[in-house]
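Down below is the structure, laid out as structure tokens.
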Amino acid sequence: MRLLLIFTVIFVFYLAILKRDVNAQQQGIDSEEGDAETFFNRTYSAHQSDLEKRIFRGYDIKKRPVKNASVPTVVDVHWHVIHVSINQKEQTMTLHGHIYMRWYDEYLVWDPKDFAGIHYARVKKWQVWQPKIRVSNSASGLASAFDFSTSAHVIIQMVEKDRAKVEMYPTFSIKVGCMFDFGDFPYDQNKCSVNLFATDTMAEVQLQNLYNIPPTLSFGWEEQKMKRIISDFKILNVSASQFYYGSGNVSKTAPVTGFELGNTWSMLAVNVDFVRHSPYFWSTIVAPTLVCTMFIQVSFFAPTVSLAFVINLMAIYLEFMFLQDITIKIPLYLSKRPSSITLFHILLISNIVSAVFHGVLCALCSTKVPVPLPIRKIYAVKDYVPASWKEEGMVVDYACDTNWTEWTRTARPLAGLAMFVYFVIMFILYLVVRI
């Protein structure tokens, strides 16, 4: 009985001691008395604060992040374009998106073991050294400070013992002047570029395209991510290129010697190729033109000359209405007259000539002026007309017929046939050769 009492006392005291040891081990993140999330965040925040104090102690944002001044800082650049806006009247293009820049900093280094294994630090853009970049063809001017956002987060990653990788991803909205040529309207195809350069020479800063990857395009979300049609234009391709400016010349060959590096600037370009997207051109311009052409043709086969003259006037009125629509749509800058406008002008002039022709005939038919002998030779055509087509009482001696009414009855169908052949040739040239 005494032995059982001793074992009971020992067992009770042992459980109390064991529970105390377990509670002592669970203090911290797994403690039942504290909030694990709050404890973890407070610790991470504290480590981040200590890390920023450490890496920015004595850091100079105006000094290039290399310990050897003779070594240039290489900045990798990648473009992410989310929208393109083209203004054909102002001859400008506006590019919106994000620009990714990456370089290595030899001063923003730390040992992750001293800061709870932290390998990343997120800081403000103004806290670190960054390359000074400008857009050479910016519509706001060469020294514009509004092309790139002034606020952007920077990620610092400790990748090596003696240097850290710095990544910056600011947004941009760049408006540049372009040289558009719409001489092939509505089949015109143009190209415009955004030229980026660093204000420091290549002896200090060198820009280059990240792994030669072309710009990323995201003009929409989900189903619209492959969208390429914006307003009146279709984006054909967006590419990136690199070239060098030095001694007043532009070259694609990189400099080699130290003297050349000290007098050359690296430049990057985003090239946007686009073509006009005009799906309604045929229905709004070509189709009405064909209708006017039919009016011209019908006028030559109208029963009376006066009716033909009225048809011509109506066609001229319609063409002037369509001409106003074309004038509104066509761009202002043209190196040559577009083939579509040339064709429309030909049809308009042909209609005016047809109206004058029928107007003169209408006036002559109401007079007793005889038909001049030279143009009476047109009656010879009737000799080739089948007998079944000839009307009763048709004059046999055409040389003696001086009646303008009879002459117009023969001349108008011939003129209409000649006009038809002329129109067919013009349309074929427009479709095949595009005058």
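Backbone N, Cα and C atoms are what each Cβ position is placed from, and that goes for glycine too.
On a predicted model such as this, the values are computed, not experimentally measured, just so you know.
The N-linked glycosylation site annotation in Swiss-Prot covers Asn41, Asn68, Asn237, Asn249, Asn403 and is backed by sequence analysis. Taken from Swiss-Prot, the feature signal peptide covers 1-24. Annotation comment: Swiss-Prot describes 298-318, 341-361, 413-433 as transmembrane segment, evidence class sequence analysis.
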Of the glycosylation sites listed as Asn237, Asn249, Asn403, the one whose CA lies nearest the CA of Asn68 (N-linked glycosylation site):
Asn249
Given the glycosylation sites Asn237, Asn249, which one has the fewest other C-beta atoms within 10 angstroms of its C-beta?
Asn249
Would you kindly give the Cα-Cα distance separating Asn237 (N-linked glycosylation site) and Asn403 (N-linked glycosylation site), rounded to the nearest Å?
67
Nearest-integer angstrom distance between the alpha carbons (Cα) of Asn249 (N-linked glycosylation site) and Asn237 (N-linked glycosylation site):
27
I'd like the number of other C-beta atoms within 10 A of the C-beta of Asn403 (N-linked glycosylation site), please.
13
Taking the Cβ of Asn68 (N-linked glycosylation site) as the centre, how many other Cβ atoms fall within a 10 Å radius?
7
